[in-house]
Each structure stands twice: as C-alpha cells, then as structure tokens.
Amino acid sequence: MSTAASKTTDYDLIVIGGGAVGENVADYATQQGLQVAIVESELVGGECSYWACMPSKALLRSGNALRAARRLPGTREAVTGELDVRAVLERRTTFTSGWKDDGQAKWVESAGIELIRGHATVTGAGQVKVDGRMYTARAVALATGSVPHIPEIDGLAEAQPWGTREATSAKTVPQRLIVLGGGVAGTEMAFAFSSLGAHVTVLSRSALLSHEEPFVGECLADALTAEGVDVRIGATPSHIDRDAEGLVTATLEDGSTIQADEILVATGRTPATDGLGLDSLGLGGNEGLAVDDTMLVKGTDWLYAVGDVNGRALLTHQGKYQARAAGEAIAARLNGTQVQDQPWGRHVATADHTAVPHVVFSDPEVASVGKTEAKAREAGLHIKTVEYDLGSIAGSSLQADDYAGRAKLVVDEDRGVIVGATFIGQDVAELLHSATIAIVGEVPIDRLWHAVPSYPTISEVWLRLLETYTSQG
Ligand SMILES: Cc1cc2nc3c(=O)[nH]c(=O)nc-3n(C[C@H](O)[C@H](O)[C@H](O)COP(=O)(O)OP(=O)(O)OC[C@H]3O[C@@H](n4cnc5c(N)ncnc54)[C@H](O)[C@@H]3O)c2cc1C
Ligand SMILES: NC(=O)c1ccc[n+]([C@@H]2O[C@H](COP(=O)([O-])OP(=O)(O)OC[C@H]3O[C@@H](n4cnc5c(N)ncnc54)[C@H](O)[C@@H]3O)[C@@H](O)[C@H]2O)c1
C-alpha cells in the first residue's frame, strides 16, 4: 500500500473534477489503498447528475410514456389528457436533488475520499493549486468534463441563448423554441420540449444524428415531424437577434426568418481544459489530451485524463469505465504492483476502440454500439451487413400497434463476428447490451445462432437477423 508516499506528498492522488468520472477514479483508487482527494469547483456529481443525463431523461420519460399508452387501444381511452407540465418539471427537479450536492458530498466522505472545494489549476508535476493553496500528490487525474461549443454565428452570443444546462433546468416551457444542432442533445431536447407543449423548430446543418446509420436520422426526422416539430435539414442561421421584448429571430442563409421565445444551442462539446494551467506545462490545447489506454497523458508519468476531458467518448458510462481502469492502474503503478495493460486487461479501456454503446432516448429510441457500416468500411474491414424490419417481429407488434423500427448488424466476414449493431424503435434501449456483449466477447456468428431469444420479445430480431445473414450466403 502507498502510505510511504503520503509522507512526502499531501496525497497519493488528486482528482480534479468531482463528476461521475472523477468520483469513480477516486473510489477505485481509494479501494486499492491510496490516499485520494477530489477537487470540485461546482457541484459534486457533475454535469450528468444536475444538467445532463438525469434531468434530460426525466424530461423525456413522461412524453414517451404518454405516447406509448396512446399506441394501445384500450389504454389509449384511459389516457385522455395532456402532460401535467408542472408535475413533469417537479419530477425532473427531484432527480437533480434540487441542484444540491449534499448527498453526493456525503458519499465522497463515506468512501474515505477527501473533498476540496474550489477551482484547481495544475502548477507542476504533482502540484495542484486550489484558490491560492498548494497541494501535492504523486499522481493527478483530470476529470474536468467538457464545455459547450458555441458556434460563431453573428448575434448568437449577444442573444444569450440557452445551452443544455438552461434547457434541462428550465422552470417554464417556452411557447416556441428553436433548437440549433441535430445531434444527440438537440434531438432529445426537441422531443422533450415538444412533448411539454412547445412549438419546436430544429435547425440542423446535416442529417439528424449523422454519425449513426443513415436510416436513423430519416426515422427520427419523420417521428419529430409527426409530433409537430418543424425539422429543417441543411439549415444554418446566418444571424440571430433578440429584441427588447425577448423575442428571438433566426435569419437563415436563404434569407428566411424564424421567430421564437428561446433558442437552444446544442452544437457539440469540447474538453474542459481551459484555465487548468496545462499550457505552462506544454500540454493542453482544445483538441483533448492524448492518453494511452490506462488514461495516462502521453509524455507524462504522473498526469491522467479521464472521461469527457480526454474526448474519447462523451458518455457517462464510458467515462466511468475509463475511471475504473485508470483508478486501479494509478494504484498499481504507485503500489508497485503489475499494471494489467494488455488489450482487455483490467487496467485499460480497450472497449473505447471497438464497442462504445450509446442510447438516444428519443421516441423511437436509438441504440447503437460499435462501428456503423461507413466506419467499418473506412477501417478497411471486409464486411457484410444485414437489416431487418423491427415492426414485423411478434414482440414488437405486441408492444405497440403500428410499431415502426429497424435493426442492422455489421459483420466482419474475415473473423465471423459482429462489429456493429444499430436498433431504432420503441423500447430498444434494453436490447443494446446483447449486442455489446456479442461485440466485446467476439462471439462467433455460428455460436450466436445458439443464443435463442425468448418468444415473443423484441429480441427475436436477433434470430431474424441471423436467418437473413445466413440466407444471404
Ligand atoms: C444534455 C446532455 C445529456 C446527456 N445525457 C447523457 C446520457 O443520457 N447518458 C450518457 O451516458 N451521457 C450523457 N451525456 C454526457 C454526460 O453528461 C457526460 O459524458 C458526463 O457528464 C461526463 O462526466 P465527467 O465526470 O467526465 O464530466 P462532468 O460531469 O462535466 O464533471 C466534471 C466536473 O469537473 C468540475 N471541474 C471542472 N474544472 C474544474 C477545476 N479546474 N477545478 C475543480 N473542478 C473542476 C466541474 O465542476 C464538474 O463537476 C449528456 C450530456 C448532455 C450535455
Ligand atoms: N443520450 C445520451 O447519451 C446523450 C444525450 C445528450 C448528449 N450526449 C453527449 O453529449 C455530447 C454533446 O451533445 P451534442 O448533441 O451537443 O453534440 P453532437 O456532437 O451529438 O451534435 C452536435 C450537432 O451540432 C451540429 N453542429 C456543430 N457545429 C455547428 C454549427 N456551427 N452550426 C450548426 N450546427 C452545428 C453538428 O453537425 C451535430 O449535428 C455528445 O457527444 C453526446 O455523447 C449524450
């Protein structure tokens, strides 16, 4: 154990940032006997707990549940009203603990981690300054997350747009909302606010969710349009203006205008490295810190970057996976025990390269993992793809009348294994882990044939996909 080191430094490890990722780095390192401190400048729990995953999913769930009920004759008749907006917003607020972090701060303490409140900067190897006070450690882990990217559009900054923080913590629902960006956050928030009664216009310069299989964006655009959302693909504003009454006007490149009460900017995020003092250490830049698979920043032997800040996968679950690897890798290095850094070893985040699962909680849901067909081809893989209509599965038709959805597998023909899977449809999120296991486990297609899906579940799509794959020869 590492107590010897603690005699020369204040801590074995200082984690900067107490979001979900920082908490996990600290926890896993502490469990290996390290003395650890977390520095947090805002709320312990970070973006996910207060302004991202939790409140956004709470805002989405009620609309999705209402639509699900309306898809079933018999149930439809029992659900005759609209959403109670106040109740939905209140339920959202309970998931953020009213934007108070007492519960999570208490957990940090109970886990044997020291919490230092304040803004941290890194002043040298193992040196961290927090609001004027210097602390030392044998290793430092950055888990500072990411910040919104605001595009340089004339008048946008002056119009004081909403970011995702303002959207997820909204106290009221604007009558008209413009959503700029057709990525994950923009799509989810368009569904959420439309369900809550806003008239939403989405401005997306490319197809919605353009990193997914192409049918995903098409299905989502259709679903949003059916909900009354005005989806403008290929539309970029050239100018934004907010007048004295608060009215927002977006002027598009073709000269047309759209008016709204609020504009939400959801155009991506960049690593939160500004103001950390990295430039003076010859590190930094806004492209993200290059790390190895133990999350050690390249060119250093003491600095780690974990979660959103390293730009590998801006997702809570993947950041926490990196954190489990990094927390134990740091402990192994400091304790002088073996670092298991071979691919798929305990101390590396190998899955970041091959199997990052993600779910978009739109309606229909989008759940995908691994490579799309385009990415697999780009990687030079010799692939075959197979698609199946989810609506024709017995389990799906029981789930909802007129169930619409699609599934696609990307198979590496040389290895006979799945390298990518995409599902779109109601309630497909829980289907995703089966695909993640198949990819991570490199389960041969021939063996997958023996994984029999229960009847009548939506998972039966696996059987149909494999039958179709085999019949294609
Ligand atoms: C609207 C929205 C919805 C999302 N929904 C999902 C979802 O459903 N599922 C999912 O997996 N992911 C989702 N994400 C992504 C997810 O929120 C992030 O991947 C996750 O929060 C990253 O965790 P992190 O700990 O790396 O960073 P953060 O949660 O951002 O935590 C970083 C912490 O560091 C602190 N900090 C920063 N700089 C300093 C400093 N110098 N000194 C001290 N403290 C500092 C910050 O105050 C913050 O608390 C969503 C993101 C958005 C924007
Ligand atoms: N359910 C989830 O897991 C979930 C939900 C929300 C967000 N997130 C995470 O948060 C991150 C940020 O979400 P996001 O939606 O902001 O990013 P994103 O990368 O998913 O989408 C950004 C969108 O903005 C567009 N865009 C970028 N610059 C633009 C410009 N100058 N003008 C017009 N459009 C522009 C892009 O084309 C893209 O469509 C994502 O990477 C995602 O991992 C996850």
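Just so you know, glycine gets a Cβ as well, placed from its N, Cα and C.
Residues annotated as domain 'FAD/NAD(P)-binding' in TrEMBL: 11-318.
Cys53 (disulfide bond) carries a helical DSSP state (H, G or I). Residues or ranges marked as disulfide bond by TrEMBL: Cys48-Cys53.
Annotation source TrEMBL lists FAD binding site at Lys57, Thr144, Gly145, Ser146, Asp308. In sequence order, Gly19, Val21, Glu47, Thr144, Gly145, Ser146, Arg269, Pro271, Ala272, Leu314, Gly319 are the residues of the chain that are 6 or more apart from Asp308 (FAD binding site) and have a CB within less than 8 Å of its CB.
Reduced to three states, the DSSP call for Thr187 (NAD(+) binding site) is helix. Per TrEMBL, the feature NAD(+) binding site maps to Gly181, Gly182, Gly183, Val184, Ala185, Gly186, Thr187, Glu188, Gly268.
Residues or ranges marked as domain 'Pyridine nucleotide-disulphide oxidoreductase dimerisation' by TrEMBL: 356-462.
The shortest Cα-Cα distance from Cys48 (disulfide bond) to any of the binding-site residues (Gly181, Ala185, Thr187, Gly268) is found for Ala185. With a CB cut-off of under 6 A applied against ligand 2, the recorded positions Cys48, Cys53, Lys57, Gly183, Gly268, Asp308 are reduced to Gly183, Gly268. In this structure, Cys53, Ala185 are the recorded positions from Cys53, Gly181, Gly183, Ala185, Gly268 whose C-beta falls under 6 Å of some atom of ligand 1. Sorting each residue of the domain 'Pyridine nucleotide-disulphide oxidoreductase dimerisation' (356-462) by its DSSP state yields 36 helix, 33 strand, 38 coil. Along the domain 'FAD/NAD(P)-binding' (11-318), the predicted structure has mean pLDDT 97. For Gly183 (NAD(+) binding site), the same-chain residues that are 6 or more apart in sequence and have a Cβ closer than 8 Å to its Cβ are Leu209, Ser210, Ala266, Thr267, Gly268.
For Gly268 (NAD(+) binding site), other Cβ atoms within 10 Å of its Cβ number 16.
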